[in-house]
Amino acid sequence: MHKKPHSKRFIHTNIPRFLISKKAVEMEMENRNEAKVESAVEFPACDDVNTNKKDDEEELTVEQIFEKKEKEVPSWKKQLTVRAFVVSFLLSIMFAFIVMKFNLTTGIIPSLNVAAGLLGFFFVKTWTKLLERSGMLRQPFTRQENTVIQTCVVASSGIAYSGGFASYLLAMSQRIVQQSDKNSTDYKNPALGWIIGFLFVVSFLGLFSVVPLRKIMIIDFKLTYPSGTATAHLINSFHTPQGAKLAKKQIRELAKYLSFSFLWSSFQWFFTATDECGFQKFPTFGLKAFQNKFYFDFSATYVGVGMICPHIVNVSLLIGGILSWGLMWPLIETRKGHWYSATLGPGDIQGLRGYQVFIAIAMILGDGLYNFTKVLSQTIAGLNNKIKENKTMNLPLANSPIKNPLSFDDERRTKLFLKDQIPKWFAIGGYIAIAAISTATLPHIFHHLKWYHIIVLYIFAPILAFCNAFGCGLTDWSLASSYGKIAIFTIGAWAGSSHGGILAGLAACGVMMNIVSTASDLMQDFKTGYMTLASPRSMFVSQVIGTSMGCIIAPCVFWIFYKAFPDMGMPTSEYPAPYATVYYEMAKLGVEGFSALPKQCLNLCYAFFAASIVINLIRDGLGKKRSWFIPLPMAMAIPFFLGPYFAIDMCVGSLILYIWQKRNKDSADALAPAVASGLICGDGIWAIPNSILALVGVKPPICMKFLSRGTNNKVDSFLGS
């Protein structure tokens, strides 16, 4: 859905991140395709950056502006400041709670790079202003330091996604396993110690696997990396006078709506004495619609998400909800006693829940397979074209075209990018050393995952990491979850059901996802650093420090949720963690086959798998301009097992943005991401005190509940008697 928006890693979502940030990415791709000299006007937040000289109307490029402003570019060591990592640590904790909440509710994680960039800029700028007034400022705040903060925060918070806390790790737990098989004892419950150890031995391999390729990707092939480029434009804009003015406006809006969202969430808490109470159970469209999960739940979070996501994503979610909960599930319920046993409960995987989960899996796999094939073919074709282009340029032929000289910006950026090299022996040696430690350690954490499984994974991992990083540079689409699913099926089938194939497959998924995800993330950071003149060494170090923070912060945040909400992972919970069930059923399907499916479920799965591919073919066949009304299968699949309630919230957010754009497009383009980020962050921050209150046993004092007239009369009669 798996960023943003990330557009940066918060894009690591269960929906492919490019869907979350499609508008920003398409804008960036169009700008790049115009083949003009880059200027600060390429990014919406920088419209006023280019200065018109009074004596002449010369338009300066980005680096010409900064060359006049910057006395010198700080060395890579000076870019790594204590204040940058202090701010990064605080923001990492906040964003870990936000990302974890998204993970455990719907699995849709919007981009928070605007919020991360704005808050990082605000905190350090405030810090430096106070020091400047007191005469103690030794080093001014630079765009390179801003890039370090952005990289560190996103790397840390990205672990909250790739760590699998709401997918493959939670799928191993007793809570999820026994939803499918009540008698199964083949599970591994989460524990803080082994989760932190697991993340430390697998999260750094991806960083070392693609470091030697940074020059090829960024300089030689000139890959776009739209998310990294858009982030660089955002950071560059903050450090120009006009961009700083706009940033102040955005920060004000973010702070205003963050406060509103936090207060609204805390107000709602007082009315949620039990799971069936509160504003989130408000029967907006009537009690019958409420029973089928059609209601508006007053969530500021998903209104904000709807403002960030493209309209087609929100509409696709709503269409999926109407198709499933409005039509299919009521019809399948009429076959109760024929297609599945009438004695099964609503959460039993062999009953109605089985249709909901497996049809959604079929759509996800169909969409994933199509786009995996599409992106992989584009990657191979793009790689082939780049190699041919480089060979043609190097041929000493008389009639060969003269190679275009580099622009001022590219020349300056290339010079500084190649200045601080990371030795290849360091990258290769680091990969081999960590792989050896990991191979020796992982079988002690997951007994069903053998050393030879791990060696095979680590042999293929650098190839897949390169493919993912290259494809991400072309399309802005990370296929980390697709590579993880491949590992689930291959390692799970190899281990076999009698030797814990399900747990082995889920563990292998985690290993592969972490490697390929961090590889593409690092290359995005190198692109951002290239365009902000941040050193590759500072980018690598900040990524390592951010990943280390994430390996500790994310498990601790997950542990708070896990202990505070004992029903987490259950379908009726406030935190149902839907993808945990999906990943477990995928692993079980790969090991045991289709024997456990209820009647006609397999035929319906085939139909929706094929429909998912056909819809994608139609979308690509019509082209971008004519396919705006064709829904997205991956987005349609999510409400199949969650319900459409959050899609209604997101459509409200989309409607607000649409009206705002009609009334004042410039204002909407500049401020809507900040408003949306504020709504998301405020509700996400409330998760911290909410979890603490739950841990210490403090419960809300009031239950606001809605009853039908007949039920209410019975309650009144009972109370009267």
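Glycine is treated like the rest: Cβ placed from N, Cα and C.
These come from TrEMBL:
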| type | residues | note |
| --- | --- | --- |
| TRANSMEM | 80-102 | transmembrane segment |
| TRANSMEM | 108-127 | transmembrane segment |
| TRANSMEM | 148-171 | transmembrane segment |
| TRANSMEM | 191-213 | transmembrane segment |
| TRANSMEM | 312-332 | transmembrane segment |
| TRANSMEM | 352-370 | transmembrane segment |
| TRANSMEM | 425-445 | transmembrane segment |
| TRANSMEM | 451-474 | transmembrane segment |
| TRANSMEM | 486-519 | transmembrane segment |
| TRANSMEM | 539-562 | transmembrane segment |
| TRANSMEM | 601-618 | transmembrane segment |
| TRANSMEM | 638-660 | transmembrane segment |
Seg_contact(the transmembrane segment (191-213), the transmembrane segment (148-171)) with at least 3 CB pairs under 8 angstroms, min sep 6: yes
Beyond the flanks of the transmembrane segment (601-618) by 6 or more, those residues with Cβ under 8 Å of it: 339, 354-355, 358-359, 361-363, 365-367, 369-371, 374, 594, 627, 630-633, 637
The transmembrane segment (148-171) and the transmembrane segment (108-127) contact flag, 3+ Cβ pairs under 8 angstroms: yes
Close approaches to the transmembrane segment (312-332) from elsewhere in its chain (Cβ under 8 angstroms; 6 or more beyond its ends): 15, 19-20, 22, 292-294, 306, 339, 352, 355-356, 359, 628-629, 631-633, 635-640, 643-644, 646-648, 650-651, 653-654
Of 352-370, 451-474, 486-519, 638-660, whichever stretch has the most CB pairs under 8 A to the transmembrane segment (425-445): 451-474
Contacting positions for the transmembrane segment (352-370) when only residues 6+ beyond its ends and CB under 8 Å are counted: 324, 328-329, 332-333, 336, 340, 344, 346, 481-482, 485, 571, 581-582, 585-586, 589, 596-598, 601, 604-606, 608-613, 616-617, 632-634, 636-638, 640-641
Contact set, same chain, for the transmembrane segment (638-660): CB under 8 Å, 6 or more residues outside the stretch: 1, 14-15, 105-108, 284, 292-297, 299, 301-309, 311, 313-315, 317-318, 320-322, 324-326, 353, 356-357, 359-360, 363, 576, 578, 581-582, 667-668, 672, 676
Candidate ranges 80-102, 451-474, 486-519 - greatest C-beta contact count to the transmembrane segment (539-562) (under 8 angstroms): 80-102
Residues from the same chain, set at least six apart from the ends of the transmembrane segment (486-519), whose C-beta lies under 8 A from its own: 9, 12, 155, 158, 161-164, 168-169, 171-172, 186-188, 198-199, 202-207, 209-210, 438, 442, 445-450, 453-454, 457, 461, 464-466, 468-469, 478-480, 543, 547, 583-584, 586-588, 590-592
Chain residues outside the transmembrane segment (451-474) and at least six past its termini with a C-beta under 8 angstroms from it: 205-206, 209-210, 213, 217, 221, 223-225, 375-376, 378-379, 382-383, 431, 435, 438-440, 442-443, 480, 483, 487, 491, 494-495, 504, 508, 511-512, 515-517, 519-520, 522-524, 527
